[in-house]
Amino acid sequence: MEVWRSYLPEIFLACASLGILILNSLLIKKNLYRYLGFLFVFILAFFLLLNSFSIEVLKTDLSSHLLSTKAHFLFRIVFLGLGVVLYFSLYNFFLKERYLNEYSFFLGTSFAFLSLIASSQNLLMAFILMEAISFSFYLLISFYKRELLSIEAGLKYFFLGTLSSIFFFTGLFLIYYATLEINLFQTLSKLTQLNRTIYFLLGLILIFSSLAFKLGASPFHFWLPEIYQGSPLPVFPLLAVFSKLGFALFLSNLFLVLFKTGFFSLPTFSTFKSLFYIISLLSMILGNLLALKQKEVKRLLAYSSISHMGYLLTLFAIPLADTNFKLFYGYLFIYSLTNLGIILGFFLIVDHKEIKIPIDSLGNRLKDVSFPLLLSFLILLFSLAGLPPSAGFITKLFLLLQLVKEGAYFLALVFLLASILSLYYYFRLIAPVLSVLKEDSLNLNNRKINLYEIFMLLILVLLSFYLFFSTFKPTLIFFFN
């Protein structure tokens, strides 16, 4: 009960979003006041979370339905903190949007449910949360009703997401049949008593396959580029950053519980990690190769995310240790910050109504951009590419060293070659920024910058500085300390 009480901020966010939705529909007509109401709910939930910090609540007890370790608490702060930043960054979009109420409601509930699933290890609870998240995503992706690509992306996500849900629920059923438990921590003792190991193993494979689909890891990646390209720009960070963060943390929770309870020391499960060996290899190779020929920004970022999931999942393809989880959390944290920063940068140079963003158009879009934004954009792209000086380089380096330390030389070689190959298509994003920075005619006073743009610039500059200085002091990165 104490752990559940610590998750009241997320429960408050979901319930308050519903309350504000009803209140706005009945009483408040101006978009500005509606927007401020939802923004207040996000900020209040964030401060409630900070206020709920308690040494007694933070534990490493794995038997609870919701994990409440220090790492999970930090990621909850990241979730709601970045949620406030994202909601504020959509200010210009919301003031002109007719369906502000509905969008804000689904955004608030999505953040609450993603934060909960990121701490869950109860399979039934995770399935219910996953379905609630998917329902919000179906509607948000199809937000622009008159855009054919948006409607098509929403339908594809609905049908393919249903297939993923079937995989997960079938796996849940098999695990329950094998152990009569839906809490993964409790399954080991029951498994040895009932002697139904094969059903348990098959159930795990189905659940991990479902999560690989949600993460867009190869060979379950085929849906990702189409969905990314068709999704409205205001919805894009929810798919590209926050859903990846939530589902990746849930996956790590399952591995953490299996590792701490000794599952992987059993002979039957010693070869289980070979599944992630194959997934990580395919993701690194296919993600980078297919990204080479992309001409649209969101499609390129989709294939980039496939390759990054491949890098990340290599940590589950080698012998598990506590270091693996620290590296996993650190890499995921930096990747999420970097990806979100890049998307927020696009908010300032791309109209929210645009579905396609051709790479060739970036040069013209960046000409009227201020120098701090260009410099921040450059550091963020360096971090995404894993180039020094950036935190993305440090996390990749530590991950590569861990692969070498564990003797996974072939995996490390593919990791290194894939990272080098990725520089080609990342440079297609970096080149326009460099060319504008080199222009002698760069005029920083072409137009006035409003208060919204100043705040956005401040966020991006602080974020890029953090990524820059983390190169020289890796302990600045959460979970590396």
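Using the three backbone atoms N, Cα and C, a Cβ is placed for every residue, glycine included.
The annotation transmembrane segment is assigned in TrEMBL to 6-28 (among others). Beyond the transmembrane segment (6-28), the same-chain residues lying 6 or more positions past its ends with a Cβ under 8 Å from any Cβ of the stretch are 34, 37-38, 41-42, 44-46, 48-49, 52, 54, 57, 66, 68, 76, 80, 101-102, 104-105, 107-109, 111-113, 115-116, 119.
Taken from TrEMBL, the feature transmembrane segment covers 35-53 (among others). Here the transmembrane segment (35-53) has long-range neighbours at 5-6, 8-10, 12-13, 16-17, 20, 23-24, 28, 73, 76-77, 80-81, 83-84, 87-88, 91, 94-95, 100, 104-105, 107-108, 111-112, meaning same-chain residues at least 6 beyond its ends whose C-beta is under 8 angstroms from one of its own.
TrEMBL lists 73-93 (among others) with the feature transmembrane segment.
Taken from TrEMBL, the feature transmembrane segment covers 100-118 (among others).
As annotated by TrEMBL, domain 'NADH:quinone oxidoreductase/Mrp antiporter transmembrane' applies to 120-422.
Residues 65, 99, 102-103, 106-107, 109-110, 113-114, 116-117, 151, 153-155, 157-158, 161, 165, 168-169, 172, 182, 214, 227, 230-232, 234-235, 238-239, 243, 246, 250, 353, 355 of the same chain, all 6+ positions outside the transmembrane segment (124-145), place their C-beta atoms under 8 angstroms from a C-beta of that stretch. Here TrEMBL flags 124-145 (among others) as transmembrane segment.
Annotated transmembrane segment per TrEMBL: 157-178 (among others), in sequence order.
Here TrEMBL flags 198-224 (among others) as transmembrane segment. Away from its own ends, the transmembrane segment (198-224) comes close to residues 123, 130, 156-157, 160, 163-165, 167-168, 170-175, 177-179, 187, 191, 243-244, 247-248, 250-251, 254, 268-269, 272, 275-276, 279-280, 282-283, 285-287, 302-303, 305-306, 309-310, 313 of its chain (Cβ-Cβ under 8 Å, at least six residues beyond either end).
Annotation source TrEMBL lists transmembrane segment at 236-259 (among others). Within its own chain, the transmembrane segment (236-259) has Cβ neighbours under 8 Å at 62, 67, 72, 75, 78-79, 82-83, 86, 107, 110-111, 114-115, 117-121, 126, 133, 137, 140-141, 184-185, 207-208, 211, 214-216, 227-228, 269, 298, 301-302, 305, 309, 312, 316, 320, 325, 328-329, 332, 336, 339-340, 343-344, counting only residues six or more beyond its boundaries.
Panel annotation: around the transmembrane segment (300-321), residues 215-218, 221, 224-225, 227-229, 240, 244, 248, 255, 259, 264, 273-274, 276-277, 279-288, 290-291, 294, 327-328, 331-332, 335, 339, 342, 359, 384, 396, 399, 402-403, 406, 408, 411, 415, 418-419, 422, 425-426, 428-429 of the same chain, lying at least six beyond its termini, place a Cβ under 8 Å from a Cβ of the stretch. The transmembrane segment annotation in TrEMBL covers 300-321 (among others).
Below 8 angstroms of C-beta separation, residues 71, 75, 78, 82, 85-86, 89-90, 92, 233, 236-237, 240-242, 244-245, 248-249, 252, 297, 301, 305, 308, 311-312, 315-316, 357, 365-366, 369, 373, 376-377, 380-381, 383-384, 391-392, 395-396, 398-399, 402, 453, 456-457, 459-460, 463-464, 466-467, 470, 477-480 of the same chain, each at least six residues beyond the ends of the transmembrane segment (327-350), sit close to that stretch. If you look up TrEMBL, you'll see 327-350 (among others) marked as transmembrane segment.
Residues annotated as transmembrane segment in TrEMBL: 371-388 (among others).
Here the transmembrane segment (408-428) has Cβ contacts under 8 Å with residues 277, 280-281, 284-285, 287-289, 291-292, 294, 300, 304, 307, 310-311, 314, 317-318, 359, 381, 384-387, 396, 399-400 of the same chain, all six or more residues outside its ends. Annotation source TrEMBL lists transmembrane segment at 408-428 (among others).
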Are there residues at least 6 beyond the ends of the transmembrane segment (371-388) whose Cβ is under 8 Å from a Cβ of it, and what are they?
-> 304, 334-335, 338-339, 341-342, 345, 348, 396, 419, 422-423, 426-427, 429-430, 433-434, 436-437, 442, 444, 457, 460-461, 463-464, 467-468, 471
Hey, which bits of the same chain come close to the transmembrane segment (157-178), Cβ under 8 Å, at least six residues off its ends?
-> 123-124, 127, 130-131, 134, 137-138, 141, 184, 187, 190-191, 194, 196-197, 199-200, 202-207, 209-211, 213-214, 223, 227
